[in-house]
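Asks: Submitted below is the structure of interest, expressed as structure tokens.
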Amino acid sequence: MNERADGAIFAEDTDDEIGGHYDGQYPIVIEGLKNAFGDQVIHDNLSLKVRRGEILGVVGGSGTGKSVLMRSIIGLQRPLEGTIEVFGKDIVGAPPEEETGVRSRWGVLFQGGALFSTLTVAENVQVPIKQFYPELTPELKDEIARFKVTMTGLAPEAASKYPSELSGGMKKRAGLARALALDPELLFLDEPTAGLDPIGAANFDNLTRELADTLGLTVFLITHDLDTLYTICDRVAVLADKKVTAVGTIPELLESDHPWIQEYFNGPRSRAAMQSALNARGVDSDTGLGA
Amino acid sequence: MREWAEARVEDAGGRSTVILSGPMVISSIGHLDKELRAMTAPVQQIDLSGIGSIDTVGAWTVWRFASQHDAQITGATPEAERLIEAVRNAESTADITPPRSSIFIRVFEDVGHKVIEQWHGTVRVISFLGAIVISFFNSVVHRRFRMRALVRQMELVGVASLGIIGLMSFLIGIVIAQQGAVQLEQFGAESLTVNLVGRLTLRELGVLMTAIMVAGRSGSAFAAQLGTMKLTEEIDAMRTIGVSPMEALVLPRILAAVIMMPLLGFYASIVAIIGGATLSELALGIPFFTFLARVQEVVPMYDLYVGMIKAPVFGLIVALAGCYQGMQVQGNAEEVGLKTTQAVVQAIFMVIVLDAVFAVLFTKMGWA
Ligand SMILES: Nc1ncnc2c1ncn2[C@@H]1O[C@H](COP(=O)(O)OP(=O)(O)O)[C@@H](O)[C@H]1O
Ligand SMILES: [Mg+2]
């Protein structure tokens, strides 16, 4: 509760209806979060603030509770303690009907894609649209589905395919198309590039960055992919010891002496990823990430 | 209060301009989109200088309208321009559902498919049965018998269903005794209620009702479990590791059902007789133990054999239908539900058909 000082920044957002717009500085604010399954405590006194318009990378060893953290923020996992505010609204205590106002303003890409298997890709994209905006004409809904599918880098023909007919990478893209269906302000991606080939992963990264810039998104990006961290994330949050141990840009994190962070960012894979990210920007590694 | 996007048309010197205002976002564009689609008069210019926020749907609506009328877009902010650029590059005319043929063709197509499918289905069931037999002998020969899985399934199929099957049988015993007594009373043959309850439950109802219950409880579970495992590629994973899904998954389930069905059927018959005896004690004035002693006298031994011969066959049918349908699942979650339903329906149907065949067979054998 000691970080509450800048609470005044939150704009009084009285606009409770579907499709509002958030002008505050921190679309996600988590304080004192505790999650546990039985005796196994996953998060203990975890706090995190996500800035508007940033791509926040979330890293941490396997099983440290990254997915559980995301599920808590989107209201799928009820925490034992703590508060979570999204767009300045309390998620933990909110009755379900009040959450709808928030739900139409975020998009979620689950780790496994979680596409509706009995619907085509385009119909998957239309599910949230039909749910929240039934007044749109069928033509417009079809057109939206088509351009969303194409925007996420799928071939137009993929729109009429069923999820079982897609490859892993295509499923990820289709999931992204559905997450973007309502032009959300906030996008949650759970390991979007896991299991993609390096070219596919790099494309997906570029796509995320481009969409975030074009649409002005705030992105909560869980990833293990060091290239993703170096190339598109504005800041990185490290999950270890049941909390967010550090948040900051990668050069900032490198100064930390937490053993896991040191090992993670100073390992050979990390060095290679950093070098290639720097080369791509035409900067020498000794001069830092200034460019 | 939701604020909607609006359009106004202005004519100046033969050029007509559509002036848009309000937020051009998905939540506010519904009415504007309808209005613009209805507009057929030529438009030369679209003015965006008065709009509020804009998202891809707003950008798409503007661009679609502009390209339809070949109109010029003016007054766009850099943000709007970027979005319009993004959506125009993403335009596509692809189908959003797979193409469907006309209803006339579809009817014949469906009938044809059904007929062929029927034949293929029969062949597949028989080869499935063959595969089970082969894997049974394989596992016996190689001593790879999965005892733990078998015991686990026997527990799920048998022990776990004792409560519900017991309750059902007890009630059936009561109903037969009560209804039988009412009818037999008219001939003054009330005491024959014992014959009715004893013979009917041991020969027919005990096993038949148990088979139906097992089909609903375990046959459906088999289909749903195996179906879900197919969807999540667990079964493919097993194959690649060299574990035969037939031996690891199907065989234990089939054997469990074949072994447990006679036990459950016998249990059900006994409980039904107890139900009948309870009712006759309470309502018919035949004491409980007299009823049981009479059962021993009037029920021939072969009634028990009839029931116990049918039971494992019914168990095989139920488990076979469940496992077979489960292994046929492919594609999506709807299939799991569909195949599970089919497993139960086919199992119950086949059990009843076979029961009729057995009835004729045993009567011919003199076990009437
Ligand atoms: N539904 C659940 N029931 C019990 N334990 C769970 C459940 N979901 C996750 N866990 C546990 O919580 C921990 C964090 O899981 P998760 O957030 O999925 O990890 P990751 O950081 O790899 O995404 C793991 O140890 C996992 O075993
Ligand atoms: Mg995870």
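Glycine too: its Cβ is placed from the backbone N, Cα and C atoms.
Below are the features listed in TrEMBL for this protein:
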type     : residues  : note
TRANSMEM : B:123-142 : transmembrane segment
TRANSMEM : B:154-177 : transmembrane segment
TRANSMEM : B:205-227 : transmembrane segment
TRANSMEM : B:248-267 : transmembrane segment
TRANSMEM : B:273-292 : transmembrane segment
TRANSMEM : B:304-327 : transmembrane segment
TRANSMEM : B:347-367 : transmembrane segment
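Context for these features, please: burial, neighbours, distances.
Replies: Outside the transmembrane segment (B:304-327) by six or more residues, the chain places 124-125, 128-129, 132, 202-204, 206-208, 210-211, 214-215, 218-227, 229-230, 235, 245, 249-250, 253-254, 256-262, 264-266, 269, 339-340, 342-344, 346-347, 350-351, 354-355, 358, 362, 367 with a CB less than 8 A from a CB of the stretch.
Beyond the ends of the transmembrane segment (B:347-367), by six or more residues, the same chain brings 204, 208, 211-212, 215, 219, 300, 302-303, 305-306, 309-310, 313-314, 317-318, 321-322 to within a C-beta distance below 8 angstroms of the stretch.
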Asks: Determine which recorded stretch among B:123-142, B:154-177, B:205-227, B:248-267 has the most C-beta pairs below 8 angstroms with the transmembrane segment (B:273-292).
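Replies: Ranked by Cβ pairs under 8 Å, first place goes to B:154-177.
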Asks: Which stretch from B:123-142, B:154-177, B:248-267 shares the most C-beta pairs under 8 Å with the transmembrane segment (B:205-227)?
Replies: B:154-177
